[in-house]
Each structure stands twice: as C-alpha cells, then as structure tokens.
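Contents: one structure, followed by commentary.
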Amino acid sequence: MTVQSPGPLAPTASPSPSPSPDPTTLAGASVIIAGRVIRQFVRNRMMLIVTIAFPLLQLFMLLAAFSVLVQDTQGVDYVRRLAPLIVLTTAFSSILTTAIALWSDIRSGVFNRLRAMPLDMRAYVFGRIGGDFVRIMGVAVLVTLVAHTVGFRFSNGPLAVLGFFGIVALFGMMCSALAVAVALVAQHPGIIVRYVQMPTLVMTLMSSGYVPLEAFPGWIQPVVSVNPVSLAAGALAGLSHEGALTVPVLGTVAWTLGVTAVCTVVATRRFALLVKRG
Amino acid sequence: MTEAISLSDLTKRFGEQTALDRVSLRIPAGTVVGLLGPNGAGKTTLINCLTTLLQPDGGTIEVLGHDPATDPSLVRANIAVTGQFAALDEQINPRENLVFFGRLLGLGKGEAQQRAGEMLERFELGEAAYTPVGYLSGGMRRRLDLAVSLVVPRPVLVLDEPTTGLDPRSRKLLWEMVRAEAARGVAVLLTTQYLEEADQLADRIVVIDKGRVLADGSSDQLKRDVGGLMCRLTLTSAADARAALLALGELPGVSAEGEKVAVPMARPEDVGGVLGLLEGKGLRIADIEVTKPTLDEVFFAFTEPSQAPGTSETSQAPGNSVKGAAR
Ligand SMILES: Nc1ncnc2c1ncn2[C@@H]1O[C@H](COP(=O)(O)OP(=O)(O)OP(=O)(O)O)[C@@H](O)[C@H]1O
Ligand SMILES: [Mg+2]
C-alpha cells in the first residue's frame with residue numbers, strides 16, 4: 001500500500017537554480033508577458049478564425065460581389081479601397097475579443113499569482129498592449145499579403161509603404177489601448193459587448209471605407225468624414241495608391257494619439273486600484 | 001532569530017463581517033504549521049493577507065522580518081504560494097506555464113527550461129508536458145499549480161488546501177514534498193480540511209473558526225484534548241448492544257445506538273480490554289473499527305463552549321495545553 005517516493009524528492013537532491021534569482025526588470029517582464037499573449041493567440045483556433053479568416057473571407061466576398069459594380073461606376077479598382085479597410089477592421093473588431101479575454105484574465109488565478117510575485121505589475125499592462133500590438137501588426141501584414149494576390153498594390157515607393165504600416169500601427173495602438181481601458185472599467189463582460197460591438201460595427205459601416213463619402217446622404221457626410229475609420233482608410237488608400245494625404249494622415253494621428261492618451265490615463269488609474277484590491 | 005512568519009492580532013473585516021479576529025501565529029524556519037478550519041473560517045483570508053493580496057484592517061505581519069504593508073516586494077520575493085484555486089494559464093501547456101512563471105521570477109531562458117523539466121518530473125507530469133492545461137485532469141492541474149509555485153525555491157511556502165482533489169498517490173507525493181521542503185529549512189503554512197493530513201504533516205496545528213483561533217498545539221495535544229480514539233463496535237442485535245453497554249459501564253463516555261456501541265479510548269492497546277469485557281459476557285461482535293476523532297469531532301470539541309455561552313467552561317473545554325481557546 002506504500003507509495004514509492006521518486007528520488008528527486010529527497011532533501012539532499014534539492015535542485016539547481018540559484019536560491020533567489022534577481023527579479024526581472026519592468027521591460028524584461030513586459031516582454032515575457034507579451035510573449036504569453038502572442039502564444040495564447042496562436043494557440044487559440046477560435047481567435048485565429050475570428051481575427052484572420054473572417055476578414056479574409058469578407059475581403060473575397062465583397063470583392064466578388066462588388067468589384068465589377070464599383071469599378072464600373074467609379075473607375076477605381078475596388079480592391080485598392082477595400083484592402084486597407086479590411087486591414088483596419090481586423091484591428092478594430094479585435095477590440096471586443098481582446099477586451100473580453102483581458103477581463104477574464106484579470107479575474108483569473110494567474111493574475112493573483114502575478115500579484116503575489118515580486119513583479120512590477122505595470123509589466124502586465126505593457127505586456128498585454130505590446131503583445132496585442134504585435135498580433136495586430138502581424139495580422140495586418142498577412143492580410144496585406146493576401147490582398148496582394150487579388151490585385152492590391154503599393155504604387156508610391158518604399159517610404160509610402162512604411163507610412164502605410166505606420167498608420168496601421170497608430171490605429172492598432174489605439175485599438176489595444178481601447179481594449180485595455182474597456183476591460184479595466186467594465187464590471188461584467190456584457191457591458192463590454194454592449195459598448196464595443198455596436199459602436200465598432202457602426203463606425204466601420206459609417207466610414208468612407210466600403211462606400212465613398214459622396215454616396216452618403218449630405219447631412220451625415222460631416223460625421224462620416226471625421227470618423228477615424230474614414231480618415232485612416234483614406235490615409236492608407238492615399239499612401240498605397242492615390243488620394244489626399246494631409247487631412248487623413250493628420251486626422252488619424254490626432255485621433256489615435258488622443259484616444260490612446262485618454263485610455264492610458266483611465267487604464268492606469270483603474271489598474272492601480274485593481275492591483276491594490278482588498 | 002526572527003521567525004519566518006509572525007502574525008499578531010491580525011484582523012480583517014469585510015463590511016460587517018469579521019473574517020479574521022485578532023489571529024496570532026508564529027512559524028519558525030523548518031516547521032510545518034497546519035491551519036485547520038471549516039468553510040468560511042478565514043483560512044484563505046489569512047493567506048491572502050500574508051501574501052500581500054489583501055490589506056488587513058489591524059494587527060501586524062512579518063515575513064522574515066519584512067512587513068507586507070511597507071515592503072511588499074521583499075515579502076513576495078520570499079514566499080512561494082499555491083492558492084486554493086488553480087492559477088494557471090489554461091491555453092498553454094504545463095511546460096510553458098512553468099517556463100513563463102520561472103522567467104518572470106528571474107530565471108534565464110535556459111535555466112527556466114531546465115527547471116521546468118525538473119519540476120515536471122518531480123510532480124510526475126512528464127506525460128502531460130505538452131497538453132494544454134485546459135485539457136488536464138483536476139488532479140494534474142493541482143500538481144502543476146504546486147509545481148509552478150515551487151519553480152523558484154523560497155524560504156517560506158504557503159499552501160491553501162493543497163491536497164483537495166488529489167488521489168492518494170499524489171497526496172503522498174505532496175506530503176513528501178512538504179516534508180522535504182521543511183527539512184531544507186523552509187517554513188510551511190498549509191490549510192486543510194483533513195485532520196489526518198494535519199496529523200501527518202504538521203508540527204503544529206492551529207484550529208480556526210469564524211476568524212478566531214480556537215486551538216493551537218501539536219497534533220497529540222489536540223487529540224488528547226478532543227478525546228483520543230473511538231472504538232466503534234457493531235453487535236448482532238440491539239439487545240446485545242444494551243448488554244454490552246452494561247458490561248462496559250465502568251468506562252467513561254460509552255454510548256449505544258441501535259446495535260452499535262462507541263467506546264472512547266486513550267490508547268489503541270485499550271481495545272484488548274474492551275474485547276475482554278465483552279467476551280466475558282459471551283457477546284458476539286459483528287464488526288469493529290477504531291478511529292481517530294474526525295474533523296467534526298475536533299470542531300465539536302473546540303467550538304462547543306463558544307456556541308453555547310450559557311454552558312460552563314469546564315464541560316468539554318480544551319485543556320490548558322491549548323492556548324487562546326475560548327477568548
Ligand atoms: N472578498 C470578500 N468579500 C467579502 N467577504 C469575504 C471576502 N473574502 C472572504 N469573505 C468572507 O470571509 C469569510 C472567510 O472566508 P475565507 O475564504 O477566508 O474562508 P476559508 O476558511 O478559506 O473557507 P474555505 O474552506 O471554504 O475555503 C467567509 O465568510 C467569506 O464569505
Ligand atoms: Mg479557503
């Protein structure tokens with residue numbers, strides 16, 4: 001009836017590492033936590049489908065359905081307009097899933113374990129945002145490559161390509177910051193769904209992305225034109241192919257930096273409370 | 001020398017409710033203290049205060065001389081803790097969990113990998129090393145949870161109901177691990193619902209209920225106070241049981257119910273005397289069982305005086321070896 005104890009349990013065989021390693025630095029810990037976020041994403045089939053397969057499917061379906069039609073009336077290849085928008089919506093629509101994942105993570109045992117560890121907890125927020133940002137950029141590059149196979153092209157040289165991904169990066173940063181702030185403020189996940197799902201959908205539809213500004217009724221055009229999705233989509237279209245640059249680029253920079261700043265302040269406050277909790 | 005853990009008059013309130021009421025506790029290096037208490041007794045609350053997760057409302061805490069209120073990171077750097085509920089990343093596998101937490105605790109990449117391998121072996125998780133934690137059985141998760149806590153050794157080890165949900169083999173494994181840690185000089189605080197476990201492991205047992213320390217002493221002291229062993233006999237009929245009750249009438253505390261008779265005993269050897277008395281009367285015994293007091297009986301013994309304020313202090317009150325009883 002006795003259970004054999006395996007050798008390594010003997011006190012003499014007490015194992016290797018130095019008794020107390022130095023704690024990680026803030027940057028080091030942030031990178032490790034970002035690595036976890038990316039690993040979780042790659043392992044999660046559902047997330048992969050929602051954030052990659054759906055947008056690509058949307059790209060192909062809309063192309064098939066409207067390409068001919070829009071080309072006829074506008075004289076522009078629809079994919080030039082559509083691809084940048086799909087790149088943006090992948091980031092935009094991931095706010096919901098990211099926020100919900102974060103909401104449950106900070107209520108999980110893992111978060112409490114981290115709180116009980118000698119760790120600068122700001123690394124948790126930086127790591128989350130950093131990992132999320134890398135994910136958004138990865139998906140953006142992937143979607144751009146796929147769009148390339150169906151006719152999307154950069155026609156303004158390497159600097160414009162850099163600018164293109166710079167705009168995507170700003171937009172992605174805003175989305176990560178929004179997701180974190182929403183997750184920290186919300187009392188339950190239902191609130192996240194209510195305040196994120198509809199607004200992101202409406203903002204996407206009410207942008208000059210799918211449909212040109214002139215196609216909207218006159219009275220709503222001002223709203224459509226200041227919509228950050230319109231501005232960013234315009235900037236991306238201008239950088240990749242043709243179109244106005246100054247207003248969309250400056251508009252995008254203003255929106256993304258502004259929203260990110262507000263979200264950072266809100267998130268930092270809420271997070272400090274959360275870490276202290278009790 | 002400073003104690004590894006020292007709590008004095010620790011108090012924590014949640015609104016109206018007092019979850020911890022002036023709890024004092026001292027754990028020297030190399031000792032195992034078992035915190036025993038029913039649901040809602042305040043065990044987890046005590047651990048949360050100790051591990052800096054909760055801010056107490058009163059009293060002082062010291063972990064190797066460091067105060068969680070002023071030096072939380074020094075306290076955290078000295079405690080390894082396994083909470084009551086799993087604290088694992090479900091979406092990645094056991095090896096990755098170990099590496100992740102190991103690296104956050106300051107191990108280098110290679111060191112963390114190597115250490116993860118050791119822990120997987122030590123907790124017999126080798127076969128599940130690459131299965132996402134979400135798919136592991138409850139017991140495997142529990143073992144991984146413990147392994148993660150020990151990935152970087154610390155001078156203080158805190159375990160909240162570590163063996164809940166473990167099979168007998170894993171339980172033994174854990175017990176031996178706890179003994180090995182104590183032998184290395186680690187101060188161990190563990191909570192449990194099982195007297196048997198506290199009995200096996202703890203140098204000292206602290207019984208708490210409703211946030212108060214009811215008893216504090218060695219397992220032997222506690223059992224002596226509660227009443228040692230219980231010999232439970234089943235006879236062939238209720239009439240026989242009544243006859244047995246008469247035959248054993250000399251012994252204190254004997255009781256009969258249906259065809260069962262219960263005889264309190266001080267030592268296991270006493271069972272011979274009991275059987276001798278019954279044999280003398282020609283009574284046939286259908287079944288016999290000698291058991292230690294159950295957790296229920298311990299609680300009954302210790303909580304009785306405070307539950308019935310009118311009853312005299314002497315009735316079942318724990319002996320003087322037990323300090324802090326019935327404050
Ligand atoms: N965050 C909280 N807010 C309000 N009440 C709480 C909180 N945490 C614990 N309590 C209360 O404090 C008391 C002690 O709870 P605690 O979790 O410490 O008990 P426990 O001894 O660990 O019980 P168990 O064996 O069930 O784990 C309970 O009555 C519980 O309801
Ligand atoms: Mg508990």
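Residue 1 is the first one shown; counting continues down the chain.
Cβ atoms here come from the backbone N, Cα and C positions, even for glycine.
Curation plays no part in TrEMBL annotations; they are all automatic predictions.
Annotated compositional bias 'Low complexity' per TrEMBL: A:1-13, in sequence order.
Per TrEMBL, the feature domain 'ABC transmembrane type-2' maps to A:46-274.
The region 'Disordered' annotation in TrEMBL covers A:1-23.
The feature transmembrane segment is assigned by TrEMBL to A:46-70 (among others).
The transmembrane segment annotation in TrEMBL covers A:82-104 (among others). Through the fold, the transmembrane segment (A:82-104) approaches residues 40, 47, 50-52, 54-56, 58-59, 62-63, 128, 132, 135-136, 139-140, 143-144, 147, 152, 164, 168, 171-172, 175-176, 178-180, 182-184, 186, 189, 192-193, 196-197, 200, 203-204, 207, 209-210, 229, 232-233, 236-237, 240 of its own chain, all at least 6 residues removed from its boundaries and within a Cβ separation under 8 Å.
Feature annotation from TrEMBL assigns transmembrane segment to A:125-147 (among others).
Proximity of distant same-chain residues to the transmembrane segment (A:159-185), defined by a Cβ-Cβ separation under 8 Å and at least 6 residues beyond the stretch ends, is recorded for 84, 87-88, 91-92, 94-96, 98-100, 102-103, 106, 125, 128-129, 132-133, 136-137, 140-141, 192, 195-196, 228, 232, 235-236, 239-240, 249, 252-253, 255-257, 259-260, 262-264, 266-267, 270-271, 274. For A:159-185 (among others), the entry in TrEMBL reads transmembrane segment.
Annotation comment: TrEMBL describes A:192-213 (among others) as transmembrane segment. Long-range Cβ contacts of the transmembrane segment (A:192-213) within its own chain (Cβ-Cβ under 8 Å, at least 6 residues beyond either end) map to 62, 74, 81-82, 84-85, 88-89, 92-93, 95-96, 99-100, 103, 182-183, 186, 220-221, 223-225, 227-230, 233-234.
The transmembrane segment feature in TrEMBL is assigned to A:245-267 (among others).
Residues 40, 76-79, 81-83, 86, 89-90, 93-94, 97, 135, 139, 142-143, 146-147, 150, 210 of the same chain sit 6 or more residues outside the transmembrane segment (A:46-70) yet have a Cβ under 8 Å from a Cβ within it.
Beyond its flanks by at least six residues, the transmembrane segment (A:125-147) meets 26, 29-38, 41, 51-52, 55-56, 59, 79, 82-83, 86-87, 90-91, 94, 98, 102, 165, 168-169, 172-173, 175-177, 179-180, 267-268, 271 of its own chain at Cβ-Cβ distances under 8 Å.
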